[in-house]
Amino acid sequence: MPELPEVQTIVDYLNHHVLDIFIKKTIVHLPKILKNKTPQEFEKLLINHKIVKIKRLGKYLLFFLSNNLVLSVHLRMEGKFYYQAKEEWFNLAHTHIIIEFNNGMQLRYNDTRQFGTFHIYEQQSFLDSKELKKIALDPLDNNFSAQYLYEKLKKSNKAIKTALLDQSVVSGIGNIYADEILFAAKIFPTILAKNLTLKNYEKITKEAQRILLLSIKNKGTTIHTYKFGNDETGLFQKMLLVHTHAKEPCQICGTIIQKTKVNGRGTYYCPNCQN
């Protein structure tokens, strides 16, 4: 699943290509992707309007339209956007929604797993929607701090790895970055969140911000299928220190990296550095 850096990379790419172009038509091949509109309603709300800006909220992409509507998209496991010429070949079997612009280009939503979601809301109330109102601050938000995280988790009985994956506590962090953040902060992934001090949360916050920004700079992490633009891959996978490195020597101390399960999620850690 694309995490904060991958979603931000996609947002940056689309902001560079699809803004301020009139939408000519829409094609919906898989109506279940549209969660609160029919294909006919979707087209009626989009045609003859423009995308004026795109923002990220946690792992959601928010398309702000010129008619004061917001299209909220979650890519889930395998969702991808391609901005391509109308005549350019594409995989029709997995392309479920197409937004065609009046410049001959199309924004194509491709999703092999079909788990992605599209919602349309009024701009003045979209943050009150069921799925968006529970999204917490992410580490790159100006209001995010160690104190914020400490207050959220000081009574939590969850393992800190599990807590960092809870989008109602802190948004945007997924399995890859939780492993890397805890390794950098020298915190064992199964320690209970309530047993960590404010100083521990200061380390987590500092490393989360550093790692996420570095990943954005490197266009995210491609381990399995994440791509942006037209099949471009991220580079941050080359910088991972523990995630995917089970049975390899730790690059800091030489101890063998271990892999375990924490609340069902594959978790990589150094038993020495994170002791």
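Glycine is treated like the rest: Cβ placed from N, Cα and C.
Pro2 (active site, schiff-base intermediate with DNA) is surrounded by 26 other CB atoms, counting those within 10 A of its CB over all protein chains shown. Positions annotated as active site, schiff-base intermediate with DNA by Swiss-Prot: Pro2.
What Swiss-Prot records for Glu3 (among others) is active site, proton donor, and it gives sequence analysis as the kind of evidence. In the three-state DSSP assignment, the secondary structure recorded for Glu3 (active site, proton donor) is coil. Taking Cβ-Cβ distances under 8 Å and a sequence gap of 6 or more within the same chain, the neighbours of Glu3 (active site, proton donor) are Lys59, Gly172, Ile173, Gly174, Asn175, Ile176, Tyr177, Gly220, Thr221.
Residues or ranges marked as active site, proton donor by Swiss-Prot on the basis of sequence analysis: Lys59 (among others). Note on Lys59 (active site, proton donor): other Cβ atoms within 10 Å of its Cβ, all shown chains, come to 23.
The annotation DNA binding site is assigned in Swiss-Prot to His94, Arg113 on the grounds of sequence analysis. Its own atom aside, the Cβ of Arg113 (DNA binding site) has 13 Cβ atoms within 10 angstroms in the protein chains shown. A coil conformation is recorded for Arg113 (DNA binding site) in the three-state DSSP classification, outside any helix or strand.
Taken from Swiss-Prot, the feature zinc finger covers 241-275, and the record attributes it to sequence analysis. The average pLDDT computed for the zinc finger (241-275) is 96.
The secondary structure of Arg265 (active site, proton donor), as reduced to three states from DSSP, is extended strand. Residues annotated as active site, proton donor in Swiss-Prot, with sequence analysis given as evidence: Arg265 (among others).
Proximity of distant same-chain residues to the zinc finger (241-275), defined by a Cβ-Cβ separation under 8 Å and at least 6 residues beyond the stretch ends, is recorded for 158-159, 161-162, 165, 175-176, 179-180, 182-184, 186-190, 223. The Cβ of His94 (DNA binding site) lies under 8 Å from the Cβ of Asn110, Asp111, Thr112, each of which sits 6+ residues away along the same chain. Pro2 (active site, schiff-base intermediate with DNA) sits 13 Å from Arg113 (DNA binding site), taking the C-alpha atoms as the reference points. Counted with DSSP, the zinc finger (241-275) comes out as 0 helix, 12 strand, 23 coil.
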